[in-house]
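Per TrEMBL, the features are:
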- 102-122: transmembrane segment (TRANSMEM)
- 190-211: transmembrane segment (TRANSMEM)
- 217-237: transmembrane segment (TRANSMEM)
- 333-353: transmembrane segment (TRANSMEM)
- 373-390: transmembrane segment (TRANSMEM)
- 410-434: transmembrane segment (TRANSMEM)
- 454-475: transmembrane segment (TRANSMEM)
- 496-518: transmembrane segment (TRANSMEM)
- 538-562: transmembrane segment (TRANSMEM)
Amino acid sequence: MTVEEVGDDHTQDGTVDLRGDPVRRSIRGRWKACSFLVVYEAFERMAYFGISSNLVIYMTTKLHQGTVKSSNNVTNWVGTVYLTPILGAYIADAHLGRYRTFVIFSTIYFLGMMVLTLSVSIPGIKPPECSTANAEDCEKTSVLQLAVFFGALYTLAIGTGGTKPNISTIGADQFDETDPKEKVQKMSFFNWWMFSIFFGILFANTVLVYVQDNVGWGWGYGIPTLGLAVSILVFLFGTPYYRHKLPAGSAFMKMTRVIVASFRKANAPMARDLTQFHELPSMEYERKGTFPIQSTKSLRFLDRASLKTGTTDQWNLCTITEVEETKQMLNMLPVMCATFVPSVMLAQVNTLFVKQGTTLNARIAENFSIPPASLAAFVTVSFLVSIVLYDRRFVKLIRKFTGNPRGITLLQRMGIGIIIHILLMIVACFTERYRLKVAADHGLIHQKGVKLPLTIFVLLPQFVLMGIADAFLEVAKLEFFYDQAPDSMKSLGTSYSLTSFGIGNFLSSFLLSTVSNITKKRGRGWILNNLNESRLDYYYLFFALLNFINFLFFLVVVKFYVHRAQVTHSLDVKEVEAKVMGVEENE
């Protein structure tokens, strides 16, 4: 077979092997590489959610912490987990590359998991047992025990910071979008990628949570640790088949340079002639496989960063394209701020919602009770069902009226998700009010550790509604930040979604502590260690009001939001020109 028949087997998107040499399609990448990544993700998600889903129960029953303290410790840790990817993405983009960053941080991740498992297994390190229902009567957990446990948790969080932002991008790098076949395969990959994530989450929320509640925490944490070890080994076995992209510099540093340069030239007279602004020749962009962006009227004060004033170092002079990329990333910040409150609601799933479940009858058979944390599985199931119905039914129906290929815009989809969050918290409020009524009717308000004669499935509507809300808001949020980010800042755009959830968890801790302290000073506290004496219904009603105010803020943000200018690729222009010329010749 001749070279002409085979064609050029090398990728055209700049991917290389670990030595920096060009790679061949037939040897590296595609599903040959991605099969390892899909298996990795299933085991890793099982490991992470095997810890996070039931963490509030461990802190309550083993560390003997109260409702507010245990909930805040969970949300502070989860918030850290979702903010550390900013550091991991920076290290990968600016210094080590995705693969090396991933391997180093995976080691840290596994170290944290191992120490965490030891902290719940080894006598002397694990907390003392306590059989009384009143946590105040239990032997206090020592400083050493707390230091080992939380040290392991936050070591784990640092580890996820280098794995979470890089693994999905490594997967995307295995497909060359300049090749039509590989572009189609890439879409198929992300379908399997999402399936592996949800498989891992479901296994964690059902099997692992049951093991933790009924077999023991040593086994309950040991299995996820083993799962993480398997996931890392699977990833490493795939090393000979991976394609890699060289570090291209940090998008965050590029934005910082634009802002610094614009402030340094704040007093410089503004020019109107475009020739007075710095831009690279179009050939330079074509060589890099990117495209220049024309100047826009938004955030005009940043234009000074590209104004020619004689100084040419990168902290004083940026290109018009760099300025416009920075503008778009800054334009998205108000939208991200509007997603903080919904992220607070999502943080309740593994904290207060689970705590509610501990007060209810969880028995579904004579010898089997559902662990309260397993109710989170219904969030996943309702999310999956909602996604299928949305894509297969809703989009096709609405598209006929709107003409939008997506059915509705991404911002409209986010708005619907926020409205569902309002409804969700109203439902949670009335459910909690009914739970308190049952406690009062049976004289159990002041009883600790006693199950109410009310099925745990009374909480099901708020878990199901959370899954539906996620199908609208969380999916649209992820797609919006990716879609609206400039081509060279897609990773940073994706990190906006993670940052939103991280800040939402910290905001949840702040609100819980603040409301708890204020209401205690003014009488009956809303959030106490005994939920039957609490007024969680008021707290959920406060959340509904907060969501409504946030929805009004979201409407204002949407009204003034400037969408990203669409860049026409030169390849598309050539295709159109070829078609036009073909028509003219036929005529």
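Glycine is no exception: its Cβ is also placed from the backbone N, Cα and C atoms.
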Range from 190-211, 333-353, 373-390, 410-434, 454-475 with the greatest count of C-beta pairs under 8 A to the transmembrane segment (496-518): 333-353
The transmembrane segment (333-353) and the transmembrane segment (410-434) contact flag, 3+ Cβ pairs under 8 angstroms: yes
Sequence-remote partners of the transmembrane segment (217-237) [C-beta within less than 8 Å, at least six residues beyond its ends]: 36-37, 39-44, 46-48, 50-51, 54, 58, 62, 102-103, 106, 109-110, 113-114, 116-117, 120-121, 126, 204, 208-209, 211
Sequence-remote partners of the transmembrane segment (538-562) [C-beta within less than 8 Å, at least six residues beyond its ends]: 296, 298, 331, 334-335, 337-338, 340-342, 344-345, 348, 352, 411, 414-415, 418-419, 421-422, 425-426, 428-429, 432, 515, 519, 526-527
Tertiary contacts of the transmembrane segment (373-390) (same chain, 6+ residues out, Cβ under 8 Å): 53-54, 56-57, 198, 201-202, 205-206, 209-210, 213, 349-350, 353-354, 357, 456, 459-460, 463-468, 470-472, 475
